[in-house]
2 protein chains.
Amino acid sequence: MVHQLQVIRHIQQLRAAIRQARAKDSTLRVGFVPTMGYLHEGHASLLRAARQQCDLVVLSIFVNPLQFGPNEDLSRYPRDEQRDLALAEAEKADIVFLPSVEEMYPTPTQTVVSVSGVTERLCGESRPGHFDGVATVVSKLFHMVQPDAAYFGQKDAQQVAVIQQMVQDLNIPVQIVPCPIVREADGLALSSRNVYLEPEQRRQALVLSSSLKLAESLVAESKGAIDVSELHKAIIEHIRQSPLAEIDYVEIVAYPTLQPVARLRDASSVLIALAVKFGKTRLIDNTLISF
Amino acid sequence: MVHQLQVIRHIQQLRAAIRQARAKDSTLRVGFVPTMGYLHEGHASLLRAARQQCDLVVLSIFVNPLQFGPNEDLSRYPRDEQRDLALAEAEKADIVFLPSVEEMYPTPTQTVVSVSGVTERLCGESRPGHFDGVATVVSKLFHMVQPDAAYFGQKDAQQVAVIQQMVQDLNIPVQIVPCPIVREADGLALSSRNVYLEPEQRRQALVLSSSLKLAESLVAESKGAIDVSELHKAIIEHIRQSPLAEIDYVEIVAYPTLQPVARLRDASSVLIALAVKFGKTRLIDNTLISF
């Protein structure tokens with residue numbers, strides 16, 4: 001059978017297509033990759049993981065207005081539907097769901113799914129309301145697709161923590177599969193927002209991954225004994241060597257609770273997470289250190 | 001086949017029982033009646049509606065701490081598991097789900113489902129946080145049972161509006177079926193809380209239903225032309241004739257938006273809703289008038 005990608009723009013048709021597939025095979029495993037489009041190799045890796053573990057792979061592409069703040073990049077967020085569909089086809093997705101804003105929000109939503117605790121710090125602090133928007137739209141998409149498993153990139157480590165907390169608290173019957181960060185050869189974490197970078201910003205943006213490498217080696221050399229504030233200071237000093245870099249945050253927190261740690265060894269996993277701005281472009285990166 | 005009621009206390013077993021039933025019959029229709037127990041004829045009517053329209057009927061009994069305020073009646077809320085199970089058996093429920101608080105909230109929930117707009121007035125105003133607790137627990141139960149239809153009593157008209165709004169906004173794949181208020185022969189709306197009433201309070205509690213009857217006749221006589229404030233005043237004056245009645249609210253709002261109306265005829269459906277206290281016992285009642 002020749003593989004056939006279905007492009008669906010309406011919720012009702014999406015439900016019907018998935019229902020039909022499930023009716024044909026009662027043990028069908030549905031894998032879901034929710035994205036905002038402008039797909040790159042990071043998204044491709046999620047599709048590959050889903051393809052490997054599931055029978056039916058659903059990709060959604062929706063730039064969700066609810067998770068953008070009033071001064072953020074909603075209107076200029078990059079889009080390229082044709083290229084996205086070609087990538088989905090190449091990665092053998094079965095269904096691409098491409099709803100309009102009107103399809104997702106026919107009336108302004110009065111219902112918000114709000115996760116506390118894990119959203120207090122990092123991007124939750126810099127982008128108030130962002131994770132309410134994420135949790136709400138992911139909850140909506142989960143109800144439309146009803147997947148067995150959903151795939152998220154660990155580059156958005158806090159997003160993964162928020163979704164896992166929501167799924168656990170609300171007993172949503174879906175397995176969350178975090179997938180490793182995919183990087184350019186020189187270390188820059190892949191992001192749809194990298195396209196915004198001017199050449200010199202792009203060069204200096206390496207400071208995110210290099211500061212995480214520095215942090216990893218400082219932790220390894222000290223066998224985890226390095227003082228949290230000393231580690232924090234070393235990362236900040238390293239980033240400051242790049243004159244175009246404007247630090248939004250550098251945080252060292254327990255994972256997945258995202259609560260501050262007094263000593264690294266107090267948590268079994270520690271997340272070192274950064275957000276750094278280059279002009280108007282805000283990039284994030286992180287590394288997870290397990291003891 | 002002899003009917004066999006399954007009593008289940010754990011989420012995993014609940015999911016397994018429903019999955020098993022669905023595996024046997026791919027067109028199985030699952031009906032769900034979520035309750036706080038201490039079942040009465042109102043609940044029985046929900047079970048009967050579910051039994052009539054569905055193949056598998058699931059009843060849940062859970063007194064949800066999340067929807068009680070700090071000064072409310074959580075600790076004294078009436079419970080009678082044996083009587084509830086007998087009623088469930090008599091109404092031919094298939095599964096009774098009776099989780100403990102620890103089963104529902106193994107850790108304090110960090111995720112809240114919050115519905116705005118329809119929760120601003122009525123019980124939303126008198127009981128802050130109440131509907132967040134309701135929406136959150138109903139969302140959890142929906143994810144556990146994954147019913148095709150869920151049955152709610154129209155006595156809690158605002159609760160029905162909140163659940164309908166949540167289901168619509170979050171695209172939860174369940175049909176909400178509101179069922180008529182069931183009353184004692186003398187007019188008192190059935191409620192698990194009626195058991196709290198002293199004999200004289202019970203006599204005077206008739207003022208709720210009689211004031212709604214009065215309102216209905218004033219609306220009918222005027223063919224919907226009566227002034228909202230005049231109608232409001234007439235209801236309040238009628239209730240005040242009962243010396244033990246302490247009015248919490250009397251509201252005349254559009255349904256299901258629950259927003260104030262300037263004139264009755266401005267909305268196609270108008271809800272007249274009351275909350276009245278007798279000592280510590282707070283009773284609610286309502287009537288829906290359609291034009």
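Glycine is no exception: its Cβ is also placed from the backbone N, Cα and C atoms.
Per TrEMBL, active site, proton donor is recorded for A:H43. The ATP binding site feature in TrEMBL is assigned to A:36-43, A:153-156, A:V182, A:190-193. For A:Q67, the entry in TrEMBL reads beta-alanine binding site. The feature (R)-pantoate binding site is assigned by TrEMBL to A:Q67, A:Q159.
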Practice item. Enumerate same-chain residues with a sequence separation of six or more from A:Q154 (ATP binding site) and a Cβ-Cβ distance below 8 A; give 'none' if the list is empty. Key: A:V160, A:P178, A:C179, A:P180, A:I181, A:N286, A:L288
Point to revise | Other CB atoms within 10 A, centred on A:V182 (ATP binding site) | key: 18
Check your understanding: Taking just the CA atoms, what is the gap between A:V182 (ATP binding site) and the residue listed as 'beta-alanine binding site' in Å?
Key -> 23
Study note, to complete from the structure: Smallest number of other CB atoms within 10 Å: among the binding-site residues A:M36, A:L39, that is A:M36
Check your understanding: For A:Q159 ((R)-pantoate binding site), which residues in the same chain are close in space, meaning a Cβ under 8 Å from its Cβ, but six or more apart along the sequence?
Key -> A:C123, A:F131, A:V134, A:F152
Study note, to complete from the structure: CB contacts under 8 angstroms to A:G42 (ATP binding site), restricted to the same chain and 6+ apart in sequence, sorted by sequence, are A:G153, A:K155, A:I181, A:V182, A:A189, A:L190, A:S191
Practice item. Whole-number Å only: compute the distance from the Cα of A:M36 (ATP binding site) to the Cα of A:Q67 (beta-alanine binding site). Key: 11
Check your understanding: 10 Å Cβ neighbour count around A:S192 (ATP binding site)?
Key -> 19
Point to revise | A:Q67 (beta-alanine binding site) versus recorded positions A:L39, A:H43, A:S192 - nearest by Cα | key: A:S192
Check your understanding: Same-chain residues six or more away whose CB lies under 8 A from the CB of A:H43 (active site, proton donor)?
Key -> A:V33, A:T35, A:L87, A:G153
